[in-house]
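The structure appears right after this line, and notes come after that.
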Amino acid sequence: MNADKLTNTQISILIVNYMLATAILVLPRMLVDKAGTPDVWLSLMLAGVISAAGGWLASRLSLSFPGETIFQYGRKLIGKGLGAAFGTSLVLYFLVICGLEARSLEEITTKYLLEGTPSWAVTLPFLWLGAYLVLGGIQAIVQASDLIFPLTGFILLVVLLLSLRVVEFSHLLPVLGQGLPPVLRSMKTAAFAYSGPELMLLLVAYMKRPRSAGKAYAAAIAICMAFYVVTTVIVIGAFSIDGVTLRTWPTIDLIRSFEIPGLIFERYESLILAIWIMKFFSTFVLALFASSLGISQLFRVPFRTAVFAQLPFIYIVQELPKTIEDVFRVWDYLSMAGAALSVGVPALLLVLQRWKKGAAHGRV
Amino acid sequence: MSGSGVGRAEKAWDGDGIVGELREELLDRLETRADMARREISFGRTARALMLYIPGMVQESKLEAIRTEMAAFPAPEHPEDGEAAAERLKLRLQASGAERWTGGLEELLKEVQEGSTALLAEGLPDALLVDTRHIEARSLEEPISEAVLRGPRIGFCESLEKNAALLRSYGSVPDLAMERLEVGSAVRKPLLIVYMRDVVQAGLIEEMKLRIRGLEGDDFPESGYIEQMIEDNSYSPFQQLQNTERPDRVMSGLLEGRAAILLEGTPFALIAPFTLPMIIQSPEDYYERWLPGSLIRMLRFFSALIAMFTPALYIAFTSFHPGLIPTKLALTVVGARQGVPFPSLIEALIMEVSLEILREAGLRLPKPIGPAMGIVGGLIIGEAAVQAGIISPILVIVVAITAISSFVIPVYSAGISIRMLRFGAMFSAAVYGLYGVVLFFLLLLSHLSRLKSFGTPFLRPLGSYRAHDFKDMLVRFPLPAMLERRRFLAADRRDPAKPSE
């Protein structure tokens, strides 16, 4: 592994790149499905705050074990068996994320770019590419993210600005027409958009200034929240809540819905999707890095072996869901698991660690 | 070579006297050194001395000076006076470059082969080595491979001494350090590592010396040998050291914290570490005002993208996604392809390969025939291929744009990388369409993210997030704003958290 340490900005960009991929394409529909009101942007904001708190918790926890990831300090904190169990579930979590990310990519590619291409033909080169980048270590991933983030961020921004023309803000009214319950109901789904605190359990080990990890994470959340809220508002404003629920990929349909005469290309969605593939790639790569790191540190296998050993399993995971609806259902469960893994457990661990420390002090 | 043809009061050495016990051995060694002149001159009253040197490697005026001094030098009367006489002789010849006395035959021959003159005088125990080195070098000319419209017209030549002097005389640079190493086992060649003492990236020089010392090989005729043997990744399509003939380019590299390698016998210096943005940088960007400088640089960037991806996009759009382009354009493109008997990959390959052949042929031909080649290749083949219906005219346009764009890259060898990768992009586009192009881009990105040049990430300043590092990437900021940036690699050295590689 690389000895170079990461700066705050690098961490923020990594996290933004990790979170902001599939979610933004489907989020409006998933949220509206649950809530049934246009107020979902509120739940997005609340979920963001919760995620920031989770990230802060995770960073606090990691801070007590400088230079170590959760896979290493887990056993020190809660004993060998429990630590390994928690580490393994985290690895599985990341592995499933890899699989789902690959699946979403496959779905989108076969739907919009390469109709009728067999799924393995689409997925395999993608998996290999991810493995290739991951083998370069966290520094290589940072380098790649740094190019992917501005490129995709800029494109997303342009798309959002252009689509302002088709937005009718009356679609967003009434605000809180049914009170808070729908907002709270959709929070669970919104959490799916902010799966990121779990990354802090291992990324803090690579930071140059781990003390400010919480701040770096909060900055990342702020950027993502801005993108999410604006996108959701615009998508709902364009299609109204009834229109949104009818569309599998509402954000993509938004891009399809307007034309800019006079430009070279008429249909942008494929082009933009082609670029969005990079976003899938960066999420995939980071999740693969996390799970490989976990395997290599938990079971003391070389990093290289860990990366390659996972590829078949990722492929199986991505083949498992029958339809795209299944994928979203898995994703729903996964975000629950993520919330538990990344907020609940670290909170418990933190309390435990404080208590242990206190006990140790008491004895001395 | 030795002996005849010199109308002076000296003669070729016939092998007698003078050198005492060394005689047999020296004669033996000189047998296979026909290019070494051996001249006998007389000094004192009857004493004789022998001069050994290689004509063409020595400065005639210095030889003349030796002769004059010797003529006035009184020979030692007794053998015991030898030591004192030797001291006197050395003093006399000091101005002509007298270096030291040597008793070793090996050292003597080695020095003479490098251009010194050895003086063996009767009555003196050892041989005096006089530095008379003078090698004819090509005069300093404008670099052919890196011509600029505005900027110094001077380029390096084949002489290491001259090149080093060229850097020194760039201006008074007290901070400039040069370290000498030797490479090659059969042919020893000197090499200079040049850097700025206070600015150079931490650990770079140590790493460089380590790699150069580890070099094995008989001969290093060109700095390309060194480049290939010390680069980080031999399998990368990208160069990891920059070669240049321009002293100003070397100097600006040094000021950024890089180091340069100069090798005897080649005008091409190497600069390391190499980072990707250097591909689109030319010294002219700085000599022109910042606005044209920046715009031209962006133009180069887009040219690089065009050169790499246009044929791939042509293939992707024509054979996978004709629906993506506007209907009218799609109709034109498809209409133009009507009757073309090949799939678009084969069509594009035919044209791209023949373009590469044309380019290579143009390079090899003598200058007067070159333009004729262009006419035959460009006009006749292009035009005829379209009329024969093998190639669609749109593709000819695509290929022409690609070719011209790839000429824009100011670093020639980087242009070659792009030309090679273009074929990779074409193949992946032929398999996966637009998705393939994106995959290829991601592959490239992954590779570049992993690649390092002497420990520096290849994509620097990407990934560093220091705002002032970006002032010299796509946009060349106005010079006053760039002052801080100049030493961006050196910034790593002030960063205690960054370990030296």
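The backbone N, Cα and C atoms fix where each Cβ goes, glycine too.
Given the structure is predicted, the values throughout are model-derived calculations rather than measurements.
Residues or ranges marked as transmembrane segment in TrEMBL: A:12-32, A:44-65, A:77-97, A:117-135, A:147-167, A:187-206, A:218-241, A:271-289, A:301-318, A:330-352.
Contact counts against the transmembrane segment (A:147-167), taken as Cβ pairs under 8 Å, peak for A:271-289 among the stretches A:77-97, A:187-206, A:271-289, A:301-318. The transmembrane segment (A:218-241) makes contact with the transmembrane segment (A:187-206): 3 or more of their CB pairs lie within 8 A, with pairs spaced 6 or more apart in sequence.
The highest tally of CB pairs under 8 A with the transmembrane segment (A:330-352), across A:12-32, A:44-65, A:77-97, A:187-206, A:271-289, is held by A:187-206. Non-local neighbours of the transmembrane segment (A:12-32) in the same chain are 6, 38, 40, 43-44, 100-101, 104, 108, 141-142, 145-146, 148-149, 152, 156, 186, 189-190, 192-196, 199, 203, 216-217, 219-221, 223-224, 227-228, 231-232, 235-236, 241, 244-245, 247-252, 276, 279-280, 282-283, 286-287, 328, 331-332; each lies 6+ residues outside the stretch with a CB under 8 Å from one of its CB atoms. Taking every recorded stretch in A:44-65, A:77-97, A:271-289 and counting its Cβ pairs under 8 Å to the transmembrane segment (A:187-206), the highest total belongs to A:44-65. Sequence-distant contacts of the transmembrane segment (A:271-289), counting only residues of its own chain at least 6 positions beyond either end whose CB sits under 8 Å from a CB of the stretch, comprise 14, 17-22, 25, 94-95, 97-98, 101-102, 104-105, 108-109, 112-113, 126, 129-131, 133-134, 138, 141, 144-145, 148-149, 151-152, 155, 159, 199, 252, 255, 265, 307, 310, 314.
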